[in-house]
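What follows is a single structure, written as C-alpha cells, with notes after it.
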C-alpha cells in the first residue's frame, strides 16, 4: 500500500521544507511498527526544486485477519475466501489512513516547532495513490463524476482518476473498482493530511476495525475547518462511520452545532440581525424626506403628527405580541431568542406567566441575560423566564407543554432537506397550541435598492420563499400535524410584491371559518391590527409518514440550536 506527497520550491523556499513539515529527514529512510504491519517512510527525490515523501505500508495479512472484526475480517470484501484472497494489503483504505495518522501525527496537527509559521503556509502539493478502492456500490456511468472527484474537488483539488482494468491482458473483462488517483492543489500540508485521513476510508466504504462512538470525535477533529462546508458532508459522515446511523446522526448534529458556535466569535449585533437594516419603501422614503425637509440645522424630531417609519423588526414583534394576546397564551416559547428582544417584550405582558428563550449561541444567550438583567431579578421575576440552548432539528422534552411558540425569521436559515425535522420537532413533538412563523417575502427583495438582484437578504439564508411557496408550505404543515393556518403580511404593503415579511399563524384544534384561505396575503390589511384571513383547516393530527425523529432529545446545554427574533444563526436550522 503506497502513497506519495510531492511539492515544488525555489532557492528562497526550498521544496525540502517538506521534511520539516513531516518531521522526517529527507536523507533518511525510516520505519515504524503498527498493529497490522510495518510503515516505511523515505524520499525518492529531495532537492530545492522538488521533494517527494513516500509512505509504504507493508501489511501483514495474517495479523490483519487475526485482529480484524466483522464481515470479511479486517475490512476485506465479504465472500467465502476473503480471508485468503483480498485487496487489503494493496488498495488504499482505512489501513493507510491509520498509518498516516500514526506516522505523521504532528504534521497533521499543523505543528512545526523548528520552523514556526511554516505549517501555516499553503504549498503546491501533488498526492499520488496508485490503487484506491472505491467501494459501496458507487460505480458510475462514464459521463458521471467519480466518487473521488465528488469528494476532493470541492476542497480545491484537481483530480485525475484513472480506472484500472481487471486484467490488462484481457481488456474485454472491463474495469475494476480500483482507480489510480493523482491530486493536485495548493493548501496547507496539515489540511491535506486531514482530508486524506478522513476520505480514504470513505472511498473504500469499509474499515478494518470496529467503528465505536469515539470515531465521531476523530472525524470531527480531522474535519475541522473543511467538513462542515463540504457539499457532501452527509455522505462523508455516513460512509466514514460505516453507516452506523446513530453515530452518523450524532456527528451531523455536532457538526451543525460547531458551525453555529462560530457565531460566538462575531459581534452580538451581527448575530441578532437576520436581515440587513431595513428602510421604508421608496414612496415612504420620499414622504419622510418631505416631512423632515428642514435645512442642515442638525437632526430634529419630526413635527407632531408627522409619519415616522417603524423598523420592520419592531413591526414583527408587535404583530407577534398582538396575536399572542389574542390567543391567550400564558406559557410561550421564543425559539431563537437572540439578545432577548422578544423575551423582554413578553415579560411586559401581564397574561404571560413563563417564557422559555432558546438559542444556539452561548454569546447571544449571555447578551440576552445581560439585557434582561437576570442576575438582578427578584426570585419571583426570575421564575418567569429561562434561557437555554437547544437544537430544533431534534425533539426536545423541554419544549413540551407550552401554549405558544414563535419562530421569527428562523426557517430560512435551515437547509431545505432538514426542514421536515424542524416541523416534526415543533409541530409534532412539542406541539404548542399556537405557533407563529415569520419569514422574508422573496418577492419584496426587488424593493431593497442595496440588495443585488437574485441575492438573499442575509448570507446565511438557505432559501427565501415567495408568497405562494410560503402558503404551500404552511398549508402542508397544517394538514400534516392537525393545525389550522392563517397568513398575514407584516410591514408596508406593495401592490405588486406584497409586504417584506410574511407571517403564518398556526392553531391546533380550532376552526376559524368555513371558507378557503385567501389567495394572497396582500388581500389583508397590514399588521398590527390586521384581521387574520380565514384559516385553512388542517387534516388529522400527526406527522407526515416521511418525517422521522431526527435524533435524541436535546437534554443538555451542549445541544444547541434555535431560531431568533431578528437573529442570525449559522446553521442549517437557520
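In case you wondered, yes, glycine gets a Cβ from its N, Cα and C as well.
TrEMBL does not curate its annotations; it predicts them automatically.
Taking TrEMBL as the reference, the stretch among 220-265, 266-311, 312-357 described by the feature region 'Disordered' is residues 266-311. Here TrEMBL gives region 'Disordered' for one range in the set 470-511, 512-553: that range is 512-553. Residue counts for the domain 'Methyltransferase type 12' (333-435) by DSSP state, with H, G and I taken as helix and E and B as strand, are 46 helix, 20 strand, 37 coil.
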